[in-house]
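Engineer: Below are the features listed in Swiss-Prot for this protein:
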REGION    1-22  region 'Disordered'
BINDING   30, 102, 130, 175, 356, 401  phosphoenolpyruvate binding site
BINDING   30, 31, 35, 173, 175, 325, 352  3-phosphoshikimate binding site
ACT_SITE  325  active site, proton acceptor
C-alpha cells in the first residue's frame with residue numbers, strides 16, 4: 001500500500017539565498033491525513049482521500065489501519081481508497097509500528113480501545129521516549145487495560161468493554177482529546193471532555209463529516225465536547241487541505257530573505273492552527289491572506305508573503321496550543337527581528353520528538369544568536385535582517401522540525417548553516433527540499 005517516498009539523508013547546508021519568489025501548493029495537512037486513515041479505516045463503507053500527505057508518519061497510520069483489517073489502496077499521488085471495517089477492527093498479527101508518529105499512535109490507541117480489540121503498539125527510539133500515560137490514563141478510566149513500559153512504548157492493549165467518562169485533560173492536547181473521543185465511539189454512555197484551553201478541533205469536525213453526533217460548547221478560551229456512544233462512522237470523501245505547520249518554513253524563509261515575494265496556495269485556515277501567522281503579523285510581517293475553497297470541513301487560504309523588517313514581541317502563553325509545532329521556526333524569525341522576542345508557556349516542547357525547547361535554543365546559539373532558555377520559556381535577542389552570523393551546525397536529535405528550522409536560518413545568514421541529518425524530514429514534509437528549491441533557496445547535501 002506504500003508509495004515510493006523521497007529518501008534523502010545525511011548532513012545538509014543552507015546558503016544565504018537571493019530573493020525567494022514563486023508559488024507553491026502547500027503540502028497536505030498531517031493532522032487531517034492521520035485522521036483520514038484512522039477514521040476511514042474504522043468507518044462503514046469506502047472513504048476516498050485526495051491531497052493526503054504521503055509522509056512517513058502518515059503512511060504508518062495507514063499501515064496500522066490495514067493491519068487492523070481495513071483495505072487500503074494507493075491510487076496515485078495523494079489519492080487513496082480506504083474500505084473500512086465498520087467499527088470492528090481485527091486483532092493484528094504483529095505489533096502496530098508507528099515509527100516516529102506521536103499523533104498516529106495516540107489517536108489509534110483510542111480508536112482500537114473503542115472496538116474492544118487487543119493490540120501491541122511500538123515505535124522508533126524517539127517515539128519510545130515520549131509520554132503515553134496522558135492517553136492511556138483516561139482510556140484506562142473508560143475501561144481499557146494497557147500495559148506500558150514505564151508509561152511509554154512498547155504498550156499492550158487488552159480489549160474489553162468501555163464506558164463513557166467526564167474528563168478534563170491536565171494539559172492542552174488535541175491528541176489526548178481525540179483519543180478519548182475515538183474511544184467514546186465504542187463506549188456505552190456519554191463521554192464529556194472539558195478543555196480549559198481550546199486545542200485544534202480537526203477530530204470533532206471530521207467526526208461530524210463521518211456522521212457522528214456530538215456537541216461542542218465554547219466558553220471563552222474553554223470548550224466542552226460531548227459524545228454519546230456507541231456510534232458508527234459512515235464513510236465520506238476527504239479532500240485534505242494544506243498544512244499550516246509545514247507552510248511556516250517557506251513563510252519565515254521569505255520574511256528573512258531581502259526582496260522575497262512568495263505565495264502558498266490552499267493552506268488550512270483554522271483559528272486553532274493560525275497562531276504563527278498572527279504572531280508574525282504582530283512582529284511586522286507583510287502577510288496577506290485570501291480565502292480559498294473549503295476542504296474536509298475546513299476553510300482554506302492563499303498566503304502571500306513579502307520580505308519584512310520584524311521586531312520582537314512577547315508571544316502570549318495562551319497562544320501556544322495554536323502554534324506549538326511552529327516555535328522552532330518562530331525562533332528563526334525572532335533571530336532576524338530587531339529587539340527581544342519572549343516566548344512563555346512552552347513546557348510541552350520538552351516532550352516532543354526531542355526536547356524542542358533546548359534544541360531550538362542550541363540551534364540559535366550555534367548560529368551566533370543570543371538566547372535565554374528557561375524551564376518553559378525562551379527569550380531571543382534578534383540581530384536584525386542580515387545580522388545573523390550563521391555558520392553553525394544544528395544537532396537535530398532526529399527531530400524533523402529542528403532540521404527544517406536549522407536550514408531556514410541559514411537562508412538569510414552571513415554564512416552558510418548546516419544540520420547534522422535530514423532523513424527525518426520525510427516524517428512530515430517530504431517535498432520540503434523541492435519546495436525551497438522551487439522558490440530559489442540554496443540547499444546542498446554535505447558528504
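Cβ coordinates are placed from backbone N, Cα and C, and glycine is handled just like the others.
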Engineer: When the Cα of residue 325 (3-phosphoshikimate binding site) is compared with the Cα of each of the binding-site residues 102, 175, 401, which one is closest?
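Structural biologist: With Cα distances computed to residue 325 (3-phosphoshikimate binding site), the winner among 102, 175, 401 is 401.
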Engineer: Looking only at 30, 102, 130, 175, 356, 401, the residues listed as binding phosphoenolpyruvate, what is the longest Cα to Cα distance in Å?
Structural biologist: 19
Engineer: Which of the binding-site residues 35, 173, 352 has its Cα nearest to the Cα of residue 130 (phosphoenolpyruvate binding site)?
Structural biologist: 352
Engineer: Hey, how far is residue 352 (3-phosphoshikimate binding site) from residue 102 (phosphoenolpyruvate binding site), Cα to Cα, in Å?
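Structural biologist: That comes out at 9 Å between the alpha carbons.
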Engineer: If I restrict to non-local contacts, at least six residues apart, and a C-beta distance under 8 angstroms, what lies near residue 356 (phosphoenolpyruvate binding site) in its own chain?
Structural biologist: 327, 328, 349, 350, 399, 401, 402
Engineer: Roughly how many angstrom lie between the C-alpha atoms of residue 102 (phosphoenolpyruvate binding site) and residue 31 (3-phosphoshikimate binding site)?
Structural biologist: 11
Engineer: Around residue 35 (3-phosphoshikimate binding site), which residues of its chain at least 6 apart sit with Cβ under 8 Å of its Cβ?
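Structural biologist: Listed in sequence order: 107, 178, 202, 203, 206.
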